[in-house]
Amino acid sequence: MKNQLEKIKKDFFNAVTEVKDALQLEELEQRFFSRRSGELTQIMKNLKDLSGEARQEFGKLANEVKRELEEVFAKKKEEIKVSEMGDILEREKIDVTQPKLPGKERGHLHPNTLVQNDLEDLFTSMGFMALDGPELESEYYNFEALNIPADHPARDMQDTFYISAQGGSASGGKNSNSWVMRTHTSPMQARAMQKYGAPLRVVVPGRVFRNEATDARHEHTIQQLEGFVIDENINFSHLKGVLDVVAKHLYGDKIEIRLRPKFYPFVEPGVNGEVTCFLCAGKGCRVCKQSGWLEIFGAGMIHPNVLREGGIDIKKYQGFAFGFGLDRLVMLKYGIDEIRILKSGDLRFLRQF
Amino acid sequence: MLISFNWLKQYTGLPSSTTPEEIAEKLKLSTVEVEKVERQGKDLKSIVVGLVKKVVKHPDADKLKVCTVNDGAQDWQVVCGGSNVKEGMKVAFGRIGAKVRWHGEGELVVLAKAKIRGVESFGMICASTEIGLGDRFPLKEEKEILDLSEILDIGNWKLGYELAKVLGMDDVIFEIDNKSLSNRPDLWGHYGMAREVAALFKKALIAYPIKKTKKQDTRNKQIQNYKLQIDVEDKKLCPRYMAVAIDGIKIASSPDWLQKKLLAVGLRPINNIVDITNYIMLDLGQPMHAFDESKVLKSIKSVKSEITVRRAKDGEKFTTLDGIEYELKSENLVIANKEKAIALAGVIGGLESGIGNETTAIIYESANFDASSIRKTSTRLGLRTDSSARFEKSLDPNNCELAMRKAIELTLELCPGAKIASKIVDVKDFHLQQGPIELPLEFLHKKIGVEIDKKEAIKILANLGFEVKEKKGVLLVKIPTWRATKDISIAEDLIEEVARVYGYGNIPASLPKFPIVPPSKNELLALERTIKEILALEFGFSEVYNYSFVSPQLLERLGIDSAGLIELDNPVAEDRPFLRRSLWPGLLENAEMNLHRFDEVKMFEIGKVFNSEISGLRVSGNSDELLPGQPLYLGLVFAGKGVLTPFYELSNALAGVFERLGCAAEFKPATHELGKVIHRGRQAQILVSGEGIGAITEISPSFSERLGVDSRVAVAELDLDKLLSLVNDNIQYHKISQYPSVVRDIAFMVDKKIEHARIVFELKKIDRLIVGVELFDVYEGKNLPAGKKSLAYHITYRSDDRTLESAEVDAAHAKVGEVLKKKFEAEVRCVL
């Protein structure tokens, strides 16, 4: 019996080296390990015919052989599996550069929305409350409350869209001549002051209107983002600090700001703000007209007349205000050279964002 | 406005080492926008004095000549078409490489060696217009070249000298943005600008050069006899009017120095008198006017002249000196004699009273007019002049006097025979608020955020012309008249003066300190953003921004009644005068345009619409008048090739939005006749918590065909202000049942009119074990009787307290079939 066992072992080792694939492996398994007819199974079955010491001795030996063969078999099985899997992986190779078919077109947010969201988030993170206001505004809020007197050039028909009297007023009044399409987001200064009082930190994104002929650089409808802060010890240096934060947020830490005098009736002093041209790093290029600076905002200390209109105690409080043309920021950011495309509704444009 | 560097230098007292660029930089950072700094004659490089040595006829062209020109170094063969070219003439010779403008038009071109009708030409003999000197040396005939020997004492200049040097074009011109000067009436002349520049460089301004006028000799008989009478009817519109008559005038060209000054800043010299008025305007910023005394007024001999400053009569006709007739209104101020208007006050002179070559006596006007009246007049008539541009900035009436004195001085100087023929009449009624303004130093520091040395602050103000006294930490600042017309009136204005000259760049940036109170949230903006993200990022819609204005043509095309729409008084283009009350017309236009290029269009817009039928905010803090309502709307459009029911694309996207917002929404069939474009069979009202907030509809196919769109189009629109009040964002977790659910299907045929929502409603009521009813197939058409549809649903059964027996489920599922039969006359086709 012992010899028989040795022979099985020898046969197994011979056979196992012949095994090349899963099929042969299964044959091998059948031949030696099959429950019914396996050679090894058979000899193990014969164990029960022995008795006593012989049984014990042979049993031990047979088990050792069985364990050994099983181990070799398992190893062989793993080998075959690995080689066959390797083959599958090769056969199932795909073109990873190919897109999924059919594709699914994703949607696109308007670039103005992207830039506006970004700035809104920056300002709310600094504790600014975001407000929205009417686009059709009263002359009072659009002009008077902002220290723009009746004969100021800004009120010219060339700059401002007025609303016809026929439009009728919601309250039944016939006083519609005093309505305009807001020319800036600043009417919200007085509205916010009247509603919330001081101190105040507000940012107002929104659509504004200028009555002018359009071309590649001029549009009668644009998006603005305005901010203002009113508190007890607010000063010009703070205005500069906040604008510096915004500029660096938009264009990176190396960007500097430069303020230059500019007249706006609702601020005093009034400035326009420039940032280092981020395209040429201030060296001068076509976009910054060789100046190294890009003009991106208007700002200033809120005029006492405006604070007064808002019901703010000007002995106690002062404030600053600033505004950005979002369209301009968008155009600079994405290199758009035609402002009218922003409102063209052209999917060839919108799908790029 | 153009400012001459040389002119400025006369007054600033700056060291000669100061460059124009330094001045421009300072002005930019502290005062105005300098758009350009341009060196005169920079385009005259390689244009030199040349001598025409020989002229022969061109062999192949009648009108051309072949000349030999010497440029000091050598002879050149040059083909020339000049009608006046002749041997021995000194000319402006453009060497190869020079820049010229062909026939005085178009862009500059660089000269190259050329062959003209077969003859080689090395350079060009230039006409004045070809090298930008047309204003200075106007052409007398079309093909005339510039004859230097005629216009200059050229003897001292050698051949080959640069023409720019020969002509003394050594100035540098600043181009200043007029808009940036709108609040600075004092900067509209060189002297005022010089004052500003001097202050920026911390230098004292040089006193204005004017001869002491001798006390007017009123004993002179002629002066005594001549009565120049001025009546100012409206002193508010004309706070000051000065006039003087001067006799013995001989009209001639101005001297070279004066012409050069005018030309440097872009003004064409006309004659001595007109040039003087222009010079005064450019020098002192005070517009002046000269009338021909004899043409408009009774002649000096007749002893009396009357000028009235009055409002025009409505419909009064007036012809300007350039020959254009205008019809005036009573808001326009005119200067008139007894018969008619002779000038439109502060804007432009009249045709008949203008200075001509035969003029021998003049009347000078140096006046001040109300800024907004001038602005209204010039805007309404579309007449913007150098004069009106200045008056509308609120000029200092005190300046009239200096201007008049200087004008007289120059006239007597330039016209040797001239004599003052009248008294200098001065009718005035004005008062300027010159302060003093109190400026506490502490307030200055508090506003700027940095301590500026007291002495420095005082010096800055003093250099700008303010008189400053100090009293216990408070500066008492008297405003100079030229800043007192409207520019400076409160302490904040003075702070700006100090800060800008001190330099905004020298004020450090710092961040304000605030308590860490979070800002209150703007729910509507948050809702807007959430919806945008869901639609774009989950449902693949693209966001569009359309105009708030809508054209009557579009509305008409869409069959929308424009009655009741709010209208613009002054639309930018006549085709878009209404304010949109709805977003979908714009979206439909977007779809129409994009469908020419894309198979599928899925777009949305969130924006305000305008509706006079609802009330908005107050027009002012304490008024009862309300603005029209301006709700925020969401609009969507869908169209896709082969998509037969785009309605469902929109209802699906909106259902997704409502689900994310935690809203209970439903689409209820609507039958409103919303206009001819609507597909009556495919429209729904959108209800959230039972309240109508919008609608979805398809466009009638016959209509989209007319738009040239061959796929079906659906649009939807809802009111986000209304939606906001209904959002509850209250998603509750339902515990997952430990017992399995059983899904059974049922398919049946019903009348097409039976709505899915009704079926679901009924089925859910049948048994507590039914926890889900899901439609998974709809079929109409072949194999079904007309007017019928086949529906198939998955019905999910589950109990939260036990595992269901199949008998229970069978019983419940049987009830489903019965209910369908009873309620909807359904024919059950298959039960699984």
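Glycine residues also receive a Cβ, built from the backbone N, Cα and C atoms like all the rest.
Feature annotation from TrEMBL assigns Mg(2+) binding site to B:ASP487, B:ASP493, B:GLU496, B:GLU497. According to DSSP, B:GLU497 (Mg(2+) binding site) sits within a helical segment.
Annotation comment: TrEMBL describes B:41-159 as domain 'TRNA-binding'.
Annotation comment: TrEMBL describes B:432-509 as domain 'B5'.
Here the domain 'FDX-ACB' (B:737-829) is broken down by DSSP into helix, strand and coil counts: 30 helix, 33 strand, 30 coil. Positions annotated as domain 'FDX-ACB' by TrEMBL: B:737-829.
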Secondary structure tally of the domain 'TRNA-binding' (B:41-159) (DSSP, helix then strand then coil): 17 helix, 41 strand, 61 coil
Residue among the binding-site residues B:ASP487, B:GLU497 whose Cβ has the most other Cβ atoms within 10 Å: B:GLU497
Sequence-distant neighbours of B:GLU496 (Mg(2+) binding site) in its chain (C-beta under 8 A, six or more apart): none
Listed binding-site residues (B:ASP487, B:ASP493, B:GLU496) that sit near chain A [CB under 8 A]: B:ASP493, B:GLU496
Confidence summary for the domain 'TRNA-binding' (B:41-159), mean pLDDT rounded: 88
For B:ASP493 (Mg(2+) binding site), nearby residues of its own chain (Cβ under 8 Å, 6 or more apart in sequence): B:ILE437, B:ASP487
